[in-house]
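Read through the structure below, which is laid out as structure tokens, and then see the notes.
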Amino acid sequence: MMVFDYIRNLGNQEHPQVLLITVFVAVLCLCLIIGHLLEENRWVNESITAILTGCVAGTVILFLSKGKSSHILTFNEELFFIYLLPPIIFNAGFQVKKKQFFQNFLTIMFFGVFGVFISAVVITAGSRWLFPKLGFVGLTAREYLAIGTIFSSTDTVCTLQVLHQDETPLLYSLVFGEGVVNDATSVVLFNAIQKLDVSRVDGRTVLHVTGDFFYLFLTSTALGVIAGLVAAYILKTLYFGRHSSIREISLMILIAYLSYMLAELLQLSGILTVFFCGILMSHYAWYDMTDSSRITTRHVFATMSFIAETFIFLYVGMDALDIEKWKMTKLSFGTLMAIYSTLIFLILLGRAAFVFPLSALSNYLNRKAERTEVITFKHQIIIWWAGLMRGAVSIALAFKQFTYSGVTWDPISATMITNTIIVVLFSTLVFGFITKPLISYLIPHHETCKIRHGESAVPKDDLNVPLLSFEESTATNIGRAKDSLSLLIERPISTIHSYWRKFDDSYMRPIFGGPVTNQSQC
């Protein structure tokens, strides 16, 4: 106790913020060590380790501070959105396996975009109907809509740590792709709801919100693509690596961050922008760098993302013991438990409402695509389960909606913050503990994917169809166009993929960089 008082007094006298950050970084280091020691544990993953470490640290701090506080730093949503979220999303785009991602692009968009809308509707309608029956009243219409988006944002880290890209490439691609697109969609939809006039909600208002959403989605994506292409062109043209590897790595980091901040400045979605910037950089710019820079960039981006994610989960664990928020809540323990249970139930229901129907739709659209592996019922269960965990984005959106710089004096807002933290803790710990055994049971380790790496999604002869030629006769080009149209109707996804591959090899890679693939490869 005396040691803690001494440190606290020292912090009050000299550089208090520096002291608090020092203690938090020390706890962060301890969390990494514990995670390493538990690496082989079949029940625990990095997210669970960080949350449990945060809870233990919060308990110690709460005890030493005599019940005044359980956390070291105060949550700031601007800190999260400006500094912590960009490296996480950029690394997701940079590390994604583009072949599987774009081959399953339509299915990923189904889950990540339309799935968020369906889940948000279910959670919003369910909470607005059930909360008053449980004795929890006082939320506005906009806050109910915000709740739908807050609890529709998934955290697939637990599942991705168990799945193997080489053994289950289709399943890994769907879970990974949907997780990233889901986060971006949730943030875009959340921002669109903040601009909504809830005093008069009709069909025109819904169309307006939908239009704003797709405008933000498309323009943010376009900005990310442009930023990635600009970085690739600069690296290919100027060849920074001949003088310094540090400059080309720094240029990639700064352009990626610039794209995110520019999107936020233009009131677009920085998440979408930096995600697609990462995809374009890994597809083109990465091949314009020296060998040493290629290795360094992958490790640097992964390290920045890992630290940011651990930082967030560690704080969530500490904030779960924030006594001030619990004291502000006026509801009884039974009512709070009923609200938590209701939110968990709505999350389960909202996720099931789109995973199984959209999986069936995806299988139907790919029935003629000669894809050797469909989304089986076991796969659908794993995809459904993978999206049940709630994480960093849910926490950030909840704090953005119900607090001001991490502080609130409203009992209703305090209740929603504690609700969000409990749901994140429960879903991450309980659902996360079950993830590894569940996937091992549904997909034993010895079962491997039927899709072979060298296997093409379309016949080799079809690869000659996509692009027309100015050197051939009009009749030949017309016949080729008819063949292309028939292929597009019969196998839309695989045909579009082959079109893009041909165009990419012929026009994009010679300008922006990257090896030209063989026609027999994807």
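Yeah, the Cβs are placed from backbone N, Cα and C, and that goes for glycine too.
Per TrEMBL, transmembrane segment is recorded for 18-38, 50-67, 79-96, 108-131, 170-193, 213-234, 269-287, 299-318, 338-361, 381-399, 411-434. Under the heading domain 'Cation/H+ exchanger transmembrane', TrEMBL lists 28-439.
Using the rule of three or more Cβ pairs under 8 Å, pairs at least 6 apart in sequence, the transmembrane segment (338-361) is not in contact with the transmembrane segment (299-318). Most Cβ pairs under 8 Å to the transmembrane segment (411-434), among the stretches 79-96, 108-131, 170-193, 299-318, 381-399, belong to 381-399.
Sequence-distant contacts of the transmembrane segment (299-318) (same chain, six or more residues past either end, CB-CB distance under 8 Å): 24, 27-28, 31-32, 35, 46-47, 50-58, 61, 70-73, 75, 80, 83-85, 87-88, 90-92, 94-95, 157, 249, 253, 391-392, 395, 421, 424-425, 428. In this chain, the transmembrane segment (269-287) lies close to the transmembrane segment (79-96): three or more C-beta pairs between them fall below 8 angstroms, excluding pairs fewer than 6 positions apart. Residues 89, 92-93, 96-97, 100-101, 103-105, 107-109, 111-113, 115-117, 120, 142, 145-146, 149-150, 152-156, 159-160, 163-164, 209, 212-213, 216-217, 220, 269, 271-272, 275, 373, 375, 379, 382-383, 386-387, 393, 397, 400-401, 443, 449, 451 of the same chain lie 6+ residues outside the transmembrane segment (170-193) yet bring a C-beta within less than 8 angstroms of a C-beta in it.
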